[in-house]
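Enquirer: Below are the features I grabbed from TrEMBL:
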ACT_SITE  Ser183  active site, charge relay system
ACT_SITE  Asp309  active site, charge relay system
ACT_SITE  His338  active site, charge relay system
DOMAIN    103-344  domain 'AB hydrolase-1'
Amino acid sequence: NKTLIEFLRLIDYKRLKGQKLNSGGKKFHQFLRDKCPVVSETYYPTFWCWESRVQTLLRPFVTAKPWVNYRNELITAPDGGQISLDWFDNDDSASHPDQSTRPTVLLLPGLTGTSRESYILHMVQQSRDLGYRCVVFNNRGVSGEKLLTPRTYCAANTEDLEVVIEHVQRTIDKAPLMAAGVSMGGMMLANYLGRKGSEVRLKGVVVFSAGWDVFECTASLEKPLDRFLFNSYLTSCLQASVDRHRTILEKKYDIDHVMKAKTIREFDERFTSVMFGYPSNDDYYRDASPIHKIKSVQVPMLCLNAADDVFSPNHAFPVEAVKQNPNVALLITYHGGHIGFLEGLWPRQSTYMDRVFRQFTKGVFENGRSLDDLH
């Protein structure tokens, strides 16, 4: 890897100089440079798959899937629905042998993701090596459990996330807790932080490849090539999940109409916005866009986005909003795609995203007191 980096430097890989750490306060900025030095490095993508779409498509196949033995827990939501949590207790932790105080990371997967996604498994692996515990919040109906009520999930609604956080904090009330969200999981997490403000008790948050403005994200994914590569596939995955729970969902929704949707926008118009009671799909997209809530975030939040992410176009990144909030930092790399960030000749074991997660998580748990007052 060092040889490759030196080679790239020699050929003057100029376009990568667009990497930048944006932050609203000197204290948080300095903390990141000291405790998370990876933010100061230039990210060099794997040279044979540097293009954003290739990074995005190859990540699940190229990176290893570490074996993780989860302990599943089903909890009940106020509406009678059930939420599936996958715990990695890490009882062999040498650095934190006391399970009651073992630092814990809550992980939120992407749109159709579960605790078995490669990016989640990598974060669990990083946490295990540091001696921490993890708990993965699987959205309703995605990880094999039955829907008990005709309701699934969306980026705008944070009620299930609030139930999960309260449950985890009650269960391990003496253990410090932080959270990490990926893609839609990151959007949900950012929306939660913005809504709850100073009520949030998380020690810190890290968000990867979030879509900041849903209108812009959707428009980007509707461009011909991206519609072919990503939009149609994701729409079919969402429809497959709906069809799997057709028996209970068709009691309230026109599932046949939903199954005819050709894009994510059409799916949301026919299903998601209807389910969560929005007057229109535009109202749902506006509420789901975290860009409008950055100003209200009151806990340390580091965000990583790639400027070439077709799921989250760079012109919609909340750079100015971030600069107005001392609790938030946004790291933008020139390359990386969507949940890609592959690096090295053969990026099987670790990615740039994994290194950001590891260093930030360790910094928050081991030096968190320096983040108590970022104003």
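Just so you know, glycine gets a Cβ as well, placed from its N, Cα and C.
Show me how these features fit into the structure around them.
Expert: Non-local neighbourhood of Ser183 (active site, charge relay system): Pro109, Gly110, Leu111, Gly113, Phe208, Ser209, Ala210, Gly211, Phe311, His338, Ile339, each in the same chain, at least six residues away, with C-beta under 8 Å from its C-beta.
Other C-beta atoms found within 10 angstroms of the C-beta of Asp309 (active site, charge relay system) number 28, with every protein chain shown included.
The average pLDDT for the domain 'AB hydrolase-1' (103-344) in the predicted structure is 96.
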